[in-house]
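*Asks:* Can you read through this structure? Questions will come right after.
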Amino acid sequence: MATKRDYYEVLGVDKGASDDEIKKAYRKLSKKYHPDVNQEADAEEKFKKFQKPMNTLSDPQKRAAYDQYGHAGADANFGGGGAGGFGGFGGGFSDAGGFGGFEDIFESFFGGGRSADPNAPRQGDDLQYSINLTFEEAVFGKDTEVSYKRNEVCHTCGGNGAKPGTQPETCHKCKGSGTINAERQTPLGRVMTRQTCDVCHGTGKEIKEVCETCHGTGHEKKTHSVNVSVPAGVEDGQQMRLANQGEAGTNGGPYGDLYVVLYCSHETCNIFDRDGSEIYYELPINFVQAALGDEVDVPTVHGNVKLKIPAGTQTSTKFRLRGKGAPRLRGNSTGDQQVTVKIITPKNLNEEQREALRNFAELTGQSTEEQQSEGFFDKMKDAFKK
């Protein structure tokens, strides 16, 4: 019998990992296996395997329950807490004077637990969609329309799953509770537990004549489109939550949410690097410009700007262009662009150019042969003195 993998192991993090470390691991896996990015046949299946571990470990209550009770604690029905979180032992010893209190304890161990109202409205599942952005789109933002498949409320039956003109009926076996009593043999003897009704499968309702459109599910698969306004200054791996754009709910419950994952590609821009709101650019200049100084055009994402290079500038010298970086997501400010100077050494000199450099070296007392020779013997003298 196959055993479930440890959720921390699935995400590749330690049990003491912080929330940021868990999110970082999830983003890494999403970028690797998301079906929109990875075209391998089993990518979608691999992608699904770490959805529940992420949903569990990113929620403080669910994570605490998982750490204490393992996979049983991650079950939405464990202890009667329902999808909203962890609810403990389903009533504990509130009725310890009779069988009911002990029944609650046995149920939490042997698969029962008090079930939530099966007819209560329940929110639909969340969905995820990924958008690939160019370097410029991530910096300046983008408005786009995305289309995807989702379950919507059936237009024929209105979501109740029954043929028009008919209505679902209360389940004759569980009387609408969605669960039934059952005896189970345990190491402690025979005990009464509650389990999902095998007639209505936990819905508390029976549909005699099903809707021909949705076949009794109350949902139908449709292509849904929504406008997404990506703000300026987003970073790789960030998510946007679009409320009520996920799957349809049940029993009149609201739609789930759509989480849009943003993937920002630096490959579309080969001259800039970026870290948050800071943009980095390497400026090539020749040694004459470095020695004498110059005024040069520097490209930025906002257009070219003039930059004065002081005389005697050395390679790796940094300049900061205020307000020429990427917008910050919070507030109306903008980051800076950092410019790093890289002095380019000339290649393939002709004889006239070589002679000019030799003359320059003599005028400044920088004979290359003398420097190399003196430098070598000075090092040897220092070595023998030690």
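We count from 1, first residue shown onward.
For all residues, glycine too, the Cβ spot is worked out from N, Cα and C.
Quantities reported herein were computed from a predicted structural model and do not represent experimental measurements.
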*Asks:* Out of 75-98, 147-170, 363-386, which range is noted as region 'Disordered' by Swiss-Prot?
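*Replies:* Swiss-Prot lists region 'Disordered' for residues 363-386.
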*Asks:* Taking the Cβ of Cys211 (Zn(2+) 1 binding site) as the centre, how many other Cβ atoms fall within a 10 Å radius?
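*Replies:* Its Cβ shell of radius 10 Å holds 23 other Cβ atoms.
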*Asks:* Can you give me the same-chain residues 6 or more apart in sequence from Cys200 (Zn(2+) 2 binding site) with a CB-CB distance under 8 Å?
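*Replies:* Correct list: Pro118, Cys171, Lys173, Cys174, Gly178, Glu206.
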*Asks:* Taking the mean position of the Cβ atoms of Cys154, Cys157, Cys211, Cys214 as the Zn(2+) 1 site, which residues outside that list, in the same chain, have a Cβ no more than 8 Å away, listed in sequence order?
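*Replies:* Same chain, not in Cys154, Cys157, Cys211, Cys214, Cβ within 8 Å: His155, Thr156, Gly158, Gly159, Asn160, Gly161, Ala162, Val210, Glu212, Thr213, His215, Gly216, Thr217, Gly218, His219, Glu220.
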*Asks:* Please report how many Å separate the Cα atom of Cys214 (Zn(2+) 1 binding site) from that of Cys197 (Zn(2+) 2 binding site), as a whole number.
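*Replies:* Cα to Cα, Cys214 (Zn(2+) 1 binding site) and Cys197 (Zn(2+) 2 binding site) are separated by 22 Å.
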*Asks:* Quick one: which residues besides Cys171, Cys174, Cys197, Cys200 have a Cβ within 8 Å of the Zn(2+) 2 site's Cβ centroid, in sequence order?
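*Replies:* Leaving out the recorded residues gives Pro118, His172, Lys173, Lys175, Gly176, Ser177, Gly178, Thr179, Ile180, Asp198, Val199, His201, Gly202, Thr203, Gly204, Lys205, Glu206.
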*Asks:* Cys157 (Zn(2+) 1 binding site) to Cys197 (Zn(2+) 2 binding site): how many Å between their Cα atoms?
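*Replies:* Cα of Cys157 (Zn(2+) 1 binding site) to Cα of Cys197 (Zn(2+) 2 binding site) measures 24 Å after rounding.
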